[in-house]
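Take a look at the structure set out below.
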Amino acid sequence: MRDYDEVTAFLGEWGPFQRLIFFLLSASIIPNGFNGMSVVFLAATPEHRCRVPDTANLSSAWRNHSIPLRLQDGREVPHSCRRYRLAAIANFSALGLEPGRDVDLEQLEQESCLDGWEFSQDIYLSTIVTEWSLVCEDDWKTPLTSSLFFLGVLFGSFVSGQLSDRFGRKSILFATMAVQTGFSFLQIFSINWEMFTVLFVIVGMGQISNYVVAFILGTEILGKSVRIIFSTLGVCTFFAVGYMLLPLFAYFIRDWRMLLLALTVPGVLCIPLWWFIPESPRWLISQRRFIEAENIVQKAAKMNNKAAPVVIFDPMELQELKLPSQQKILILSLFRTRNIATITIMSLMLWMLTSVGYFALSLNAPNLHGDAYLNCFLSALIEVPAYITAWLLLQTLPRRYIIAGVLFLGGGVLLLIQLVPEGAYNRVLPYILMGSLTVLIGIITLFLPESFGVTLPETLEQMQKVKGFRLRKNTRDSTEKEENPKVLITSF
């Protein structure tokens, strides 16, 4: 029996149909670039200091010295979370005593910011930090906001494939787009940090699910030669485009609620894509919905101006398609055999540890020296040549060595940051950690099976023939000549 790629080979690889699918699915990823990094500006912490009420009876001298100084990066700056006890300095002011001359400021009693904070508006008009005073005793809430968003991303990563296997790629793609856009819009009306964060978790679930399902749908519809371009210059580059647009929006919209409103608009513009993006014929075949699959392929042939066979999926071949598929495939299926479990665990480590480095560096970009908006834009811009380089390398070199090589390079650079003189940036511990993890996962990558120039397995049965570090010599032949190959690609 022929596999799906052989049956649909008459369509060609890069006709109008494939180009349409390529660009529409890639465009649907742009909002992911917004939402994945939006916390950089939504939860930014401006410079702040304790508020001294206007009603406080202080002379101008005492008002100017009401905040103690602290040492930061080798220079003295006003304390962000403490002030001199207001009752005491009001008394000194009433007695006509001068700060520093008549009163030793270092001996004065201090208190917390009982009247709230004054936030600088030089960079941001408002953020969730200024809205709900997420500083000092509550400053732990800001990083927790990001952590909980990525907790939603983790959960979405697990369920998106399962849902798309059960209900279809197209349905889940647009459902998760709606979740991402709809709950981002609801965040605008948050009345407290707790409400904002709960909604942000759901946005994270929709954000990654949209990305994963679009990736699956594209790789299932597009031909072999286009899949590498789609996975690099397609979804990845368009994610970077969304990421680049984020600091541009944020630069002109300095209020967090208005910024969030602006970032939901592109998601709404994706609604018309429903009428142009088809369901995956591979998924339809796996569900034994052969007529629907054939109709989609017929329309693709018409769009590509190709003559389609009268019968695309031969009934005799379909008869042989006895998918033990009707046995349920769950995430736990990836751990039933030692071989697949080993590859799964290594792949999970690769994704998780690479993500730690990527998002830690990206989310920290605005905190580096210089303009926050420019730093964020440059962080996104540099991804484009990186994806172009990846596309070129993937066409000629084994995958394991490419991944391991760039991870060694990135990890090594992070480890070397500690050698930068202290008068640049001396908080090196996070970079040492990220660098060590990146080098570690680079080593682990070398033990993954190679896929360059090899027919990819499409079922768990075929995956059992794949061995760690290298593919068994007869893997390619056995995959192509298997007695009963399945025309099913799962989201795994």
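A Cβ is built for glycine as well, from the same backbone N, Cα and C atoms used for every other residue.
Copied over from TrEMBL, here are the features:
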type	residues	note
TRANSMEM	20-44	transmembrane segment
DOMAIN	88-492	domain 'Major facilitator superfamily (MFS) profile'
TRANSMEM	172-189	transmembrane segment
TRANSMEM	195-217	transmembrane segment
TRANSMEM	229-253	transmembrane segment
TRANSMEM	259-277	transmembrane segment
TRANSMEM	340-360	transmembrane segment
TRANSMEM	372-394	transmembrane segment
TRANSMEM	401-419	transmembrane segment
TRANSMEM	431-448	transmembrane segment
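Here the transmembrane segment (340-360) touches the transmembrane segment (401-419). Their Cβ atoms form 3 or more pairs under 8 Å, with each pair 6 or more residues apart.
Between the transmembrane segment (172-189) and the transmembrane segment (372-394) there are fewer than 3 Cβ pairs closer than 8 Å, counting only pairs 6 or more residues apart in sequence, which means the two stretches are not in contact. Looking at which of 20-44, 195-217, 229-253, 372-394, 401-419 has the most CB pairs under 8 Å to the transmembrane segment (259-277), the answer is the stretch 20-44. 229-253 is the stretch from 195-217, 229-253, 372-394, 401-419 with the greatest number of Cβ pairs below 8 Å to the transmembrane segment (20-44). Long-range contacts of the transmembrane segment (229-253) within its own chain (CB-CB distance under 8 A, at least 6 residues past either end) are made by residues 22, 25-27, 29-34, 36-38, 40-41, 211, 214-215, 218-219, 222, 259, 262-263, 266, 362, 372-374, 376-377, 379-381, 383-384, 387-388, 390-391, 394.
Non-local neighbours of the transmembrane segment (372-394) in the same chain are 33, 37, 40-41, 44, 123, 228-229, 232-233, 236-237, 239-240, 243-244, 246-248, 250-251, 361-362, 365-366, 402, 452; each lies 6+ residues outside the stretch with a CB under 8 Å from one of its CB atoms.
The average pLDDT computed over the domain 'Major facilitator superfamily (MFS) profile' (88-492) stands at 80.
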